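A.B. asks: Submitted below is the structure of interest, expressed as structure tokens.
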Amino acid sequence: MASTISIMLMITAITGAMLITGSNGQLSSTFYSSTCLNVSSIVRSVVQQAQQSDARIYASLLRLHFHDCFVNGCDGSILLVSNSTLNIQSEQGAAPNSGSVRGFNVVDNIKTAVESACPGVVSCADILAIAAEASVSLAGGPTWTVQLGRRDSTIANMSGANSDLPAPSESLSSITTKFAAKNLSTTDLVALSGAHTFGRARCTTFINRLYNFSNGSPDSTLNSSYLPTLQNACPQNNQTALANLENLDPTTPDTFDNNYYANLQIEQGLLQSDQELFSTSGAATVSIVNSFSSSQSSFFQSFASAMINMGAISPLTGTSGEVHMQRLRFTDIMLSSAMMGLT
């Protein structure tokens, strides 16, 4: 029987050879036109079906793509699980992800459906990008032409997830710096923050604003009428309640629209990082918030552009990385070994 190392080397060679003609190291909207023409409709169908039993799934899948791209680029690394044999320390265990990133079962279902139609062709990283667009458009938001051709990482970066992902209690200046490091503009920042127009957040992400934010008082930029609602949902000194969920958008919580920005204007941004976009005196973000609040079409156009920009952060293309046959790379190795008669 071949050794484990030999198996891994053989599989790496095979997956490395799975180069899809025409990538040339670049992303393209027609990347799968000759190898998996219906991939977008397959993904969309599974996502739409998942939403019937999980109202949060659209927001969760969009968040998965964002949290993937901000760590080592859009490479599917957030999907990898910890495995000592492969020296993988999962990004899922990082502080911004632990207990909050979700939707992995839906990604599994999408991957199964795609593999059934187009075996060994579509990367998990591309599936995340397609699922994000499908989620937004199905929730009433804009559509955009998803650029494809990413390949999957064989490594994860937990420390990068801890350092690079914006935190809900982080200052606007710090978050702006993090976006700039990814070559994303201030307009991209405000537009992508608009993803909080749907979905939920745990009390632990905003409870710091409710009781002892400054000099023993709640955050002064939090609407005084909104405050009791949040305090009721997140009672003080109640550890169990920290996992309670609150709508990011109290007006239309499951619809992708521009109400998020109107909420900021009346100090009903749930997260500190949200409200600072509007309440930071002299910030360039204030006028952008006002613009998006007054024009949903302007927001939708900027969001679509920002998603394309974000989706182009350091993708693995060409012969870099691999195309995972399933979401979990350890499973890929075991499955591929069995297929080759090595186990």
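Just so it is clear, glycine is given a Cβ too, placed from its N, Cα and C backbone atoms.
Any TrEMBL annotation is an automated prediction that lacks curation.
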A.B. asks: Candidates are Cys36, Cys69, Cys203. Which one does TrEMBL pair with Cys118 through a disulfide bond?
C.D. replies: Cys36
A.B. asks: Quick check: with Thr197, Asp249, Thr252, Asp257 left out, which same-chain residues have Cβ atoms within 8 Å of the centroid of the Ca(2+) 2 site Cβ atoms?
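C.D. replies: Here the nearby residues are Phe198, Thr251, Pro253, Thr255, Phe256, Asn258, Asn259, Tyr260.
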A.B. asks: Quick check: of the recorded positions listed here (Asp75, His196, Cys203, Cys234, Asp257), which one has the Cα closest to that of Cys118 (disulfide bond)?
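C.D. replies: Closest by Cα: Asp75.
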A.B. asks: Since the record lists Asp68, Asp75, Glu91, Asp249, Asp257 as binding-site residues, which of them has the fewest other Cβ atoms within 10 Å of its Cβ?
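C.D. replies: If we count Cβ atoms within 10 Å for the binding-site residues Asp68, Asp75, Glu91, Asp249, Asp257, the smallest count is at Asp257.
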A.B. asks: Let me spell it out: for each of the disulfide-bonded residues (Cys74, Cys118), count the other Cβ atoms within 10 Å of that residue's Cβ, using every protein chain shown. Which one has the most?
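C.D. replies: Sorting the candidates by Cβ neighbours within 10 Å, the top entry is Cys74.
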A.B. asks: Just jot down the residues in the same chain as Thr197 (Ca(2+) 2 binding site), at least 6 apart in sequence, with C-beta under 8 A of its C-beta; none if empty.
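C.D. replies: Long-range Cβ contacts: Gly141, Leu248, Asp249, Thr252, Thr255, Phe256, Asp257, Asn258, Asn259, Tyr260.
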A.B. asks: Measure from the Cα of Cys234 (disulfide bond) to the Cα of every one of the recorded positions His67, Val71, Ser77, then give the nearest.
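C.D. replies: That would be His67, nearest by Cα distance.
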A.B. asks: Do any of Glu91, Pro166, His196 (binding-site residues) have a CA within 10 A of Cys69 (disulfide bond), and if so which?
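C.D. replies: Hits: none.
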